[in-house]
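J.: Copied straight from TrEMBL:
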type	residues	note
BINDING	His652, His656, Cys780, His784	Zn(2+) binding site
DOMAIN	38-823	domain 'Alanyl-transfer RNA synthetases family profile'
Amino acid sequence: MFLVAEAYALRAGPARLARRRLGALRPLASAPPAAAEWTVPRVRDTFVDYFAEKRGHTRVPSSGVVPLQDPTLLFANAGMNQFKPIFLGQAAPGTQLATLERACNSQKCIRAGGKHNDLEDVGLDTYHHTFFEMLGSWSFGDYFKAEATAWAKELLVDVYGLDMDRMYATYFEGSPEEGLEPDYEARDLWLAAGFKPEQVIPGSKADNFWEMGDSGPCGPCTELHYDALGGRGDVAHLVNMDDPTVIEIWNLVFIQFERDGKTKRLSSLPAQHVDTGLGLERLVAILNRVPSNYDTDAFSGLFAATLAELPEGSAPYGGLLGDDDRAQNYRDTAYRAIADHVRCLSFAIADGARPSNDGRGYVLRRILRRAVRYGLSTLGAEPGFMARLAPALAASHFGDYYPELREELPTIVEVLAEEEATFAKTLERGVKYLDEELDKLEATDVLGGDAAFFLYDSLGFPVDLTAQMAEERGFLVDEPGFEAAMRAQVDRSKADRKARAEAALGTVRLELGVAATAALGDAGVAPTDALAVGATVADDATEVNGATVVALVAIDAATGDPALVDAATCGPGAAVGVVLDATPFYAEAGGQASDRGSLVLGGASVDVIDVQAYAGYVVHTVASGADVALAVGDAADGVVDGDARRKHAVNHMMTHAVNHALWAELGDGVGQRGSDANDERLRFDFSHGKALKAAQLAAVEAAVNTEYVADGATVERAKVGLEDAKNIRALRAVFGEAYPDPVNVVAMFPKAAFAGAPTIADVLASPDDEKWDKASIELCGGNHLGDAAAAEYFVITQETAVAKGVRRIEALTGAAALEARAAGARLEQAAAELAEAAAAATARRAPSP
């Protein structure tokens, strides 16, 4: 049956509760016979094949849903996320992003936090999900509106066979207050493609103007909506009205402007881009003429697996909504929420995220606890059911297309089981407490914010879960009161948070955005000749004489944003970014801190405090205690702090050694999740489910010292084609990293394990040989030493948890490590002496025989 909302209206109380509680939904009509079966894999492959084979797009794999390289996002929430460096003009030369003109893929997405948050609607309707796949096509300065609209119409109508008479296109109606004209070009393109005038509808800025954020690239978009029922005439009035039978399926974004972060003004981008996203699950449902996304093979296998977890005689999923589902205690809502949530959690955990108490980890914890409550309280499942559902997802066609679900299945199951067990301990108590509090209320009362906060703070109930449970009994929650209680708790720890935030701020950073990098390119300014990238300390340059200042970056007084200038004054409180035509300075990358040092310009010296690279242009942030005038065209001499560089290189190299030692000790489940090396210490994050035992830590430390440091392991590096490098079976690639092609391969060969002096050429000659497992082989563009003996000594100072399933090792090398070893020996000696004294005292007190 097709199900449609009977009414949407305003009520007192939060809008989200109004949307949920008013919408009694009823069956309208039986679905027509299904067309030829369009499975998820078939629909996905048809889309990607069309753009790759017929329209010359490059197939780009989905990025992980955990954007480790983009701290501005909790999760990948759209296909464009991994292409942000292109839109921002910051793609590094030599990488695939720097050369892409057209791309297509199916992107794993999570929308459950921040700007795009569908969590509270999941299960209550048939078309919101926390996890979904976005079919995407992109043009990066290549084609634009005409091609994008023509190909969208061809694919949907001629390839998928959708009825064009049931399709509606929206276009941007303009914004006079911002001086933006209506997008009549998009309107006319749809009309030329065969749409009737009543099928092409103007849309507001909220619906038809896409923005990456408060600043940056943006532009008008045109959406395609489809009447899933058909046979009822013109339904243009239902477009963008949250009606599940007239649903948006494809959004085509035309990125042609950039918004200034301070003034909010728009300016034209130097290149125009196309970014489109089509909802896979929605399209599968439409093609198969079924009531909703949940009636497709995206969910059917999980429904069957859920039923198998329930008591004998339990009813299967029935597709009911609203009052119909309320009458059966929200059974089908529970089925939908559980199936959606196990998909979201499994993909997130496979890509490196873990439930925790903050950030993306807390979003996952909320999702899991929402699903657990539905399973245990609504469906009567046994505890641990979520962990038992994950194998069904991995065994399905999703595991065929996304092998990480199978590769990481043991970790997924372990994390889910532990999280479920933790919440199960407080769920019964929380439900009892909530019921008692609600029993005290009159029909029109609202649950107090203090009670909601107690459930959150003491029993682990996210407030949205409390609100949902209260709603099922006909009550609202005083969410402003809850937020006030939260603020009071936050204020109690404000001083500590402020101190930690200030410590994390680090140095001033002057960035080059899309307009700046494009302007430099248009002016014929070549990317910086970065002499230090991928070099060893022994043979790279630590000085440059007679370099030329090709650009300066300073804070614009009017906007407060970094901007290109011809001249600037560097002085107290006024940092300036200097771009040279050639530099010996290593820019921060790959977990290694940037070099420090000095630049001499016009006889005056300024300190280099930070170095970053944007689209190949290396920006040296410089500071000075006295005013120094700088100008484009100045000659500059650069000197790297060689001692700091050498210590950076030592600690960076030891992250490679500890990565290999951890793998040798703990097995294939270990994967790098991040690193940070500077001239004082190194930090290494890795996936592992539990704290390392003392014996394991001792083994890792001993392996690094024995096999690499004491033995003076040789370090080899070479530029290798990316695909050839990936074929090395012993390669330890960094999780979530984007690599250039060709890429630097760095190998560390312990002398005791290899006769002679192997080279990377030897590795490439037999990439599958198991003997290379004894070497550390990684892709890395950082600085390294010629051999590992220069580390002198390696000592682990701490091993802690970063998040569930992610551990962190902190360590020292060189003189600091030797001092730590000596301090440890002194402590051991003191402890032994205390133990000896205690034993002697005990003996003296013992009675004589």
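Just so you know, glycine gets a Cβ as well, placed from its N, Cα and C.
Remember, it's a predicted structure, so these values are computed and weren't measured experimentally.
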J.: Most Cβ neighbours within 10 Å: which of the binding-site residues His652, His656, His784 is it?
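T.: Answer returned by the neighbour count: His656.
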J.: On the 0 to 100 scale, where does the mean pLDDT of the domain 'Alanyl-transfer RNA synthetases family profile' (38-823) fall?
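T.: Its mean pLDDT is 87.
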J.: Just how many other Cβ atoms lie inside 10 Å of the Cβ on Cys780 (Zn(2+) binding site)?
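T.: If we count other Cβ atoms within 10 Å of Cys780 (Zn(2+) binding site), we arrive at 26.
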J.: Using the recorded Zn(2+) site (His652, His656, Cys780, His784) as reference, state which further residues of the same chain have their Cβ within 8 Å of the centre of those residues' Cβ atoms, listed in sequence order.
T.: Gln592, Ala649, Met653, Thr655, Val746, Glu778, Gly782, Asn783
